[in-house]
Amino acid sequence: MKDYGFLPITKSCNAYLSSLLDSHRVDIALGFYREMRRCRLSPNVYTFNIVIHAFCMSGKLEKTMEVLREMEIMDFSPTVASYNTLIAGYCNKGLMSLAMNHKSSMGKDGVHPNVVTFNTLINGFCKEGKLHEANKVFNEMKALNLAPTIVTYNTLISGYSQVGKSEMSNRLYEDMLKNGVKADILTYNALILGLCKEGKTKKAAYLVKELDKDNLVPNASTFSALISGQCVRRNSDRAFQLYKTMIRSGFHPNENTYSMLISTLCKNEYFDAAVQVLNDMMDRSMVPDSGTLFELHKGLSQCAKNQLAMILCKKLEDRHLMPKGFDKSKIISSQPENEDKTS
């Protein structure tokens, strides 16, 4: 910096550091911060918070402790933003006990946890499948008279739905409405997914109808949840019907939904439909795992459609989509002995 004959002010440096992190250029940001210190430019609390965020982004959590010590030496106290950034960094790594330790440290510095603090911890516990702990944090939040937000409720509802506890998800949904928090599409999608994981497709369909009342429209996640519900019930007709409605609505499944649908169609011997779904999947540069693919090709071969199976293999190879571990020679060996292999 000195080479240019002037030094920027701290506010300008902070703006530059922040923009670098927005562009995920963490190494450059940290290098710039070191240059700031070399040039004896005084950082402020906002500078330190940015640097803490940079180390969290790069996964160097031990370095964040050095920044806190540096703040202390320069007589700066961590703010709620400092702690929230630290807690988010530890939560992202699944280090929940350390994240909770940082929350406990906040009081020593005269800093009070806010809604963001609690939402971050709840999300961290939900990602780890520790729903009991997430619920304890939720109850602590309410005990401190911090009103849960849509983010709080959606995180918890999604967490319970992911493990098939739709009753608990529904209780949270009712609590949410009672507290005047309006449901959004993420809320409904989480509730629908929870019901579908348990095969409660009629209740899920009822919730889809409820979307209209809140002026919400189904999106890709809504359709994916509904398709998964029908796959759980092995209802190929309805699953394929929902898939076609999804495509007509301008949405496409993700890789997991495609694979689940293909597998369900194969189990019910809907091989033509499975091929249609696979072709759509390949058009989007995706491919199911080798097990699902073998299931489809084996079914085609056993239905005297070995030639179609080989055409699909060729298409996968041409597009460089052939999954690792898929042995196409097994398709031929899985044919019935009396099949005409030239058909």
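Backbone N, Cα and C define each Cβ position, glycine as well.
Note that the structure is predicted; figures quoted are calculated from it, not measured.
What TrEMBL says about this protein:
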REPEAT    44-78  repeat 'PPR'
REPEAT    79-113  repeat 'PPR'
REPEAT    114-148  repeat 'PPR'
REPEAT    149-183  repeat 'PPR'
REPEAT    184-218  repeat 'PPR'
REPEAT    219-253  repeat 'PPR'
REPEAT    254-288  repeat 'PPR'
Quickly jot the same-chain residues contacting the repeat 'PPR' (219-253) by Cβ under 8 Å, restricted to those at least six beyond its ends, or write none.
185, 188-189, 192-193, 195-201, 204-205, 208, 211, 260-261, 263-265, 267-268, 270, 273, 277, 280, 284
Give me the DSSP three-state residue breakdown of the repeat 'PPR' (114-148), ordered helix, strand, coil.
26 helix, 0 strand, 9 coil
Which residues, given as numbers and ranges, are at least 6 beyond the ends of the repeat 'PPR' (114-148) yet have a Cβ under 8 Å from it?
80, 83-84, 87-88, 90-92, 94, 96, 99-100, 103, 106, 155-156, 158-160, 162-163, 165, 168, 176, 179, 181
Take the repeat 'PPR' (44-78) and count its residues per DSSP category (helix H/G/I, strand E/B, coil), listing them in that order.
26 helix, 0 strand, 9 coil
Could you count the residues of the repeat 'PPR' (254-288) that DSSP puts in helix, in strand and in coil?
26 helix, 0 strand, 9 coil
By Cβ distance under 8 Å, which residues at least 6 away from the ends of the repeat 'PPR' (79-113) in the same chain are close to it?
45, 48-49, 52-53, 55-57, 59, 61, 64, 68, 71, 120-121, 123-125, 127-128, 130, 133, 144, 146
